[in-house]
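Feature list (source: Swiss-Prot):
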- Glu52, His60, His62, Glu104: divalent metal cation binding site (BINDING)
- 119-128: compositional bias 'Polar residues' (COMPBIAS)
- 245-264: compositional bias 'Polar residues' (COMPBIAS)
- 11-114: domain 'CRESS-DNA virus Rep endonuclease' (DOMAIN)
- 119-138: region 'Disordered' (REGION)
- 175-187: region 'Oligomerization' (REGION)
- 221-230: region 'Transactivation' (REGION)
- 245-272: region 'Disordered' (REGION)
- 18-21: motif 'RCR-1' (MOTIF)
- 100-103: motif 'RCR-3' (MOTIF)
- 198-202: motif 'LXCXE motif, interaction with host RBR1' (MOTIF)
Amino acid sequence: MASSSSNRQFSHRNVNTFLTYPHCPENPEIVCQMIWELVGRWTPKYIICAQEAHKDGDMHLHALLQTEKPVRITDSRFFDIEGFHPNIQSAKSVNKVRDYILKEPLAVFERGTFIPRKSSFQGNPSKGNSEKKPSKDEIMREIISHSTSKLEYLSMIRKEFPYDWATKLQYFEYSANKLFPEIQEEFISPHPPSSPDLLCNESIKDWLQPNIFQVSPESYMLLQPTCYTLEDAISDLEWMDKLSSQQMKEQESRASTSSVQQELGNLLGPEA
């Protein structure tokens, strides 16, 4: 139960994903190809995977994944490869993450073209006005691509567009809720299953017949002041049951006989 609860609370959304597979001796090329296929819907652009060894000889893998669209998952087991479960993080500084992966690799595999992160949304002020400033749309695109949570998204907007943040906060909050929706927890009924199961139709019928549709001897005694014992009540109820059954059979017999006579009359036609 604890594992399912933690899995429901997990959420990852980013175009840059940093994965670490501990105790994993798998080939980096095989792992890269499998991850590439897993994220096909988000249009992968680049992946690098490096194998490293601890001092005790234990192998582990590091991988950096870059996609055109943000990878959006709520299943913490999504990136599991051959039973190996990774630590999943958002790579806020892809340049540093890539350098870290390449520090002491035993084996490396790359696919695609690495996309370095821009040093600043507003450009480099030391270069004066010679470098064109990014447009508002470009800055927002960077914020949407690199923010990893609702709080970080709003904080980045506040930093880059303080006036817009102060005057149009409700619109930014709306977009934040769309980008990072709340994870709905699975409903767990506070009431344990009943025994017998009340959803079982057969059990309900078995209970209805003697308790609702039939008169109990005790109820009959309450309704009949002249009935003093339980045996008398049972005897009266049995007699009434037999009598009503007999009367129903007689009615059915008369109805069937009348139906046959009507059919014969229709066949013979009216008398002359």
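Along the chain as shown, residues are numbered 1 onward.
Each Cβ is built from the backbone N, Cα and C atoms, and glycine gets one as well.
Feature map: Swiss-Prot annotations on the structure.
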residue	record	DSSP class
Glu52	divalent metal cation binding site	strand
His60	divalent metal cation binding site	strand
Glu104	divalent metal cation binding site	coil
*For the binding-site residues listed here (Glu52, Glu104), which one has the lowest count of neighbouring CB atoms within 10 Å of its own CB?*
Glu104
*Applying the rule Cβ within 8 Å of the centroid of the Cβ atoms of Glu52, His60, His62, Glu104, what extra residues of the same chain belong around the divalent metal cation site?*
Ala50, Gln51, Ala53, Leu61, Ile101, Lys103, Pro105, Leu106
_Within the same chain, where does the motif 'RCR-3' (100-103) have neighbours whose Cβ lies under 8 angstroms from its own Cβ atoms, ignoring anything closer than 6 residues to its ends? I mean 6 or more beyond._
48, 50, 62-64
*Least surrounded among the binding-site residues, given as His60, His62, when other CB atoms within 10 Å are counted*: His60
_For the motif 'RCR-1' (18-21), residues assigned helix / strand / coil by DSSP_ = 0 helix, 4 strand, 0 coil
_Residues of the region 'Transactivation' (221-230) by DSSP state, where helix covers H, G and I_ = 4 helix, 0 strand, 6 coil
*asked:* Over the span of the domain 'CRESS-DNA virus Rep endonuclease' (11-114), how high is the average pLDDT in this prediction?
replied: 91
